[in-house]
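Going by TrEMBL, these are the annotated features:
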- B:7-18: compositional bias 'Low complexity' (COMPBIAS)
- B:258-269: compositional bias 'Basic and acidic residues' (COMPBIAS)
- B:62-92: domain '4Fe-4S ferredoxin-type' (DOMAIN)
- B:141-177: domain '4Fe-4S ferredoxin-type' (DOMAIN)
- B:188-207: domain '4Fe-4S ferredoxin-type' (DOMAIN)
- B:1-21: region 'Disordered' (REGION)
- B:258-295: region 'Disordered' (REGION)
- B:28-46: transmembrane segment (TRANSMEM)
Ligand code: SF4
Ligand code: SF4
Ligand code: SF4
Ligand code: SF4
């Protein structure tokens, strides 16, 4: 991977074959910096090419969504103006719309309790939404823990921390299985005693206690021990939503992959970098659509690509352009 | 990480499938073990934390603790709809299971809302919607636990717990009894009746003692002994059968008390007590056991 390559004469060739020649790489890009022995600043090329705002469009929208969801919950306890009551595990919006987290309901069912209709309807709505649009939209657009792990990943990149070993990416599916097993065996929502995701959100709304420690632990784990370790490898809630997002209608497509200059910036910012390769490099599939359920639809790859390779589209649009 | 992603797919495929399968199995085993350990830890922790401390009371209509922990998703909707901010969600580090709703009687007791908004708000059934009459709630049971500090037990007339009880005269009554210390006064002892006490905690909150209350609301399991089912209460059997099960009893007259009801040993004015048997001098010390029984 460290072999410098000459600029490609024909961009189509460069996109189709990994071994062919490449255009020159910007010094700030991940690969360009690696070749020069510099610290990489993924996204700088995109800012230069598209302007700061367009190079941060999806990130800004996502932060808006995450903080907006939080705000909807918080205006109640802070200002006495109740929009959404409860928390992410189960809530009631404007007194009429129930929403529940199907992951927690699954644990409850495994523990031997059939929830009331209100929770089941709420869980059904959420389930259907993520089934249709991509399960891990929850992770990147709603989950408050994402702010923490994104911050850890950002700091990791900024400090140029290398190394660290993440557990195998399949760990989360095992953990998901064991979480349900533990619920069934203990007859209680065992995981909810520890679940940093629901705990962080609840703590923001109802008071922290020692939950700071757990959240800080996840941050430090991601920062120092395992890159993208929590969301990308361990979190059983993310695993649940990954499974749910297998057949989603929305997806990211590397539609203009023939323009790719292999700068590797998208891989550096993607929380699940393994999902990009099949679509971008046509490895194991022909079309440029990222179909992997692990893709969080965060759109960060769209932002940081200076060549505007990626775009959000539907699962039926498999064309290249 | 970057390296792994950058390895062209064919290169990976060329490493023998057998060794890659072995590596996969090894990795899977390690991962499964790790995940299992983590989940086991969570499970064990859950088990241990499931022991609710005695001062933590669940909201009205809460299922039995075991069922409650499988049903409550820790959403806090009950706490949000409690107009008195009685209910709070346990934070990590608090004694009840993290995120579950509870209250402490000595902190903010339950005001026994007639429409029970907390129960209505619960989306999962952890709080049973079948509870529509708050007087049927059994959040715990008040116990006058300290007979040494309770002012009424000292012979005073505090009565505060009795006065504040929303189910006054049913859940708490004042039972008159003789005050052996002064030998001429009555003591009015606050007495809780499990048929009516909802466990709201207002009595414990109101107890005038400066620190800990003399009356405390405890979980039912702690507060109550189990009923001695093998012991047949004659008076209950009699009432149920509409009369004594063994027919009319012959009541033998007691000498000197012929004109009194059975068991009535009170002296009337002018009556003298029956002569007592002569007092037996205590056996001198060291004389060993002597039951004084003579055939
Ligand atoms: S009955 Fe009323 S005061 Fe008591 S816990 Fe429920 S909402 Fe709060
Ligand atoms: S409303 Fe029900 S599910 Fe939610 S915290 Fe209260 S008891 Fe638990
Ligand atoms: S807890 Fe106390 S105040 Fe409440 S019903 Fe029972 S005896 Fe009355
Ligand atoms: S309020 Fe306290 S001190 Fe007063 S009678 Fe009741 S238990 Fe005793």
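Cβ atoms here come from the backbone N, Cα and C positions, even for glycine.
Under DSSP, the residues of the domain '4Fe-4S ferredoxin-type' (B:141-177) split into helix, strand and coil as follows: 8 helix, 11 strand, 18 coil. Residues in the domain '4Fe-4S ferredoxin-type' (B:62-92) partition by DSSP class (helix H, G, I; strand E, B; coil) as 12 helix, 4 strand, 15 coil. Within the same chain, residues 112, 135, 185-209, 212, 214-220, 223-224 sit at least 6 positions outside the domain '4Fe-4S ferredoxin-type' (B:141-177) and bring their C-beta atoms closer than 8 Å to a C-beta of that stretch. For the domain '4Fe-4S ferredoxin-type' (B:188-207), residue counts in helix, strand and coil come to 5 helix, 5 strand, 10 coil, using DSSP.
Across the compositional bias 'Basic and acidic residues' (B:258-269), DSSP helix (H, G, I), strand (E, B) and coil residues number 0 helix, 0 strand, 12 coil.
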